[in-house]
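As recorded in TrEMBL:
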- 469-584: domain 'TMC' (DOMAIN)
- 30-52: region 'Disordered' (REGION)
- 156-177: transmembrane segment (TRANSMEM)
- 231-249: transmembrane segment (TRANSMEM)
- 323-344: transmembrane segment (TRANSMEM)
- 397-417: transmembrane segment (TRANSMEM)
- 540-560: transmembrane segment (TRANSMEM)
- 589-610: transmembrane segment (TRANSMEM)
- 646-668: transmembrane segment (TRANSMEM)
């Protein structure tokens with residue numbers, strides 16, 4: 001019953017009805033006329049009525065007192081539970097100390113949970129750096145650094161596998177340097193083996209070290225522990241791809257569960273941002289500035305999204321410009337592929353010459369690095385014709401640069417495997433020559449000493465004729481590509497961003513025009529180029545780690561230094577994009593590119609293991625017809641006969657192909673299930689938000705009507 005709708009007479013009736021009393025007792029009058037009304041009521045009532053009324057009031061008081069003191073019908077256990085629960089809260093009885101202790105422990109437990117959550121956040125590597133970048137440049141730039149941190153974590157695991165199961169056992173339990181030919185620098189190269197130019201080309205002592213495939217011995221077991229190094233080498237090479245595939249698919253499913261609505265927060269976007277963005281627990285001035293910048297950037301992102309949704313365009317002109325842009329980009333991709341093929345063929349001709357300049361020695365690496373440096377800005381310029389939404393334009397840009405890198409990489413691989421085939425043909429003659437030289441050495445020793453019973457000493461390892469060791473040659477090419485990519489990337493940041501920012505900052509006061517507002521201005525962070533650089537580099541690591549185990553360690557150092565170097569560069573030399581946009585809540589687009597490059601990187605390694613014969617005088621698989629023969633050897637010698645038969649059946653292509661398809665199917669199902677869960681949670685959250693706002697709307701209407 002609404003009190004506003006009651007008149008004094010109605011109110012007195014409402015109050016007197018439950019007690020069975022006359023409504024005149026509860027009649028409400030203004031305070032100024034109370035005495036006069038009381039006198040008039042007493043005069044109008046007789047003495048009998050007054051006595052009867054007093055008796056009724058006393059009777060009602062007794063009923064109320066009885067009801068108040070009447071015990072509740074409860075079981076003894078329920079009563080005890082009730083007393084134990086509320087007695088301490090009232091500060092009475094024997095439970096008050098326990099209650100105070102329970103309250104204190106509850107507060108401490110809540111504080112511990114809060115401190116532990118803060119500790120976990122503090123333990124996340126580079127979390128504060130990434131949050132600082134996100135607050136000034138938006139979630140799109142921060143997504144690159146989150147992806148970089150994820151790549152670093154995955155490569156740390158690969159580094160642990162490679163060094164723990166391959167490199168360290170060979171160093172601790174294998175033969176030392178100089179004991180066998182594959183671990184010794186040839187005598188003809190010893191004079192220049194420590195030169196800086198030779199070491200920078202990864203020849204000399206670098207070539208005959210644990211960095212590359214050729215250093216590892218082919219002994220079936222090594223050390224006191226009888227460690228099976230060849231088997232471990234092959235299992236780590238295959239396990240690298242298996243672990244990477246598992247982690248990428250798991251991360252994609254997790255990101256899909258988080259939600260990837262391409263930056264949309266559902267309904268009432270601006271209302272949510274306006275009333276719920278600020279963090280009232282902030283107590284630091286710098287943190288408050290970062291939060292303020294983050295909220296401002298978030299509003300800019302949402303405004304751009306709304307503008308793109310409401311934009312009108314000429315559809316026919318837009319289609320023509322997009323077709324023209326794609327045609328121009330396809331021409332660029334074809335030209336870059338032909339250029340790399342031409343340079344690789346030219347480098348094969350340079351291999352027979354000794355009078356090469358520095359450019360001719362590093363021509364291939366320089367051309368590939370320059371193509372990766374020049375083509376992305378060219379693609380970005382051409383993409384201006386399409387006028388896509390910034391987020392959609394970023395995905396197109398990533399796809400095109402990915403096609404560029406992938407085409408360049410596979411063109412390089414095709415030309416490299418042509419060179420491998422030439423070395424395999426050359427290896428036959430070198431192997432015959434080494435056998436002939438060894439027999440000649442023994443014959444000369446016997447003839448010189450005129451004694452056929454004396455066993456001749458072994459040849460000096462540095463004098464043995466070496467084969468080409470094509471696996472080490474392939475590993476050197478991948479390491480040189482990785483190192484040259486690191487150098488070009490860092491020099492580009494130092495010259496293209498830092499030097500440009502210094503010029504704009506200090507020459508703007510004495511220049512003819514405003515350098516900050518017009519050309520050249522400060523640089524923007526190239527998201528697509530940096531992301532594809534990471535993906536392309538990781539593809540080279542996956543392919544090259546089998547031929548150069550030390551390549552994983554080089555990549556870990558590269559990612560570690562890139563995090564600090566690029567965080568400094570983006571905060572010191574770059575400005576936010578003119579069209580600030582919000583990245584997807586998940587990095588699944590990046591993960592999709594990484595998954596594709598993972599499968600494409602697996603193909604050359606599988607081709608090497610299953611098809612090409614290993615070198616005869618280097619590496620853990622030397623002396624075998626194929627690299628995978630080490631598995632069959634282990635099955636025949638170390639496992640029971642029935643297990644060998646089962647493994648033989650399992651190696652049948654008729655079972656391998658369905659297993660691969662099943663694995664792909666499981667990955668697809670996991671991602672689809674995560675998407676379904678995301679859709680359900682999004683629908684429920686949308687219903688909740690609609691309920692909240694409708695309740696708020698009804699409350700506001702009622703409040704206004706009440707006023």
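Glycine is no exception: its Cβ is also placed from the backbone N, Cα and C atoms.
Heads up, TrEMBL stuff is auto-annotated, nobody curated it.
For the transmembrane segment (397-417), same-chain residues at least 6 beyond its ends with a Cβ under 8 Å from one of its own Cβ atoms are 329, 332-333, 336-337, 340-341, 344-345, 348, 364, 368, 371-372, 375-376, 379-380, 383, 474, 477, 481, 528-529, 531-532, 535-536, 539-540, 543, 589-590, 593, 596-597, 600, 604. Counting only same-chain residues 6+ beyond the ends of the transmembrane segment (156-177), those with a CB under 8 A from a CB of the stretch are 183-184, 208, 210, 215-217, 219, 222-225, 227, 229, 232-233, 235-236, 239-240, 243-244, 247, 541, 545, 549-550, 552-553, 556. Remote same-chain residues near the transmembrane segment (323-344) are listed as 363-364, 367-368, 371, 375, 378-379, 382-383, 385-386, 400, 403-404, 407-408, 411-412, 414-416, 419 (criterion: CB distance under 8 Å, separation of at least six residues from the stretch ends).
Across the range of the domain 'TMC' (469-584), the DSSP-based residue counts are 82 helix, 4 strand, 30 coil.
Averaged over the domain 'TMC' (469-584), the predicted model reaches a pLDDT of 84.
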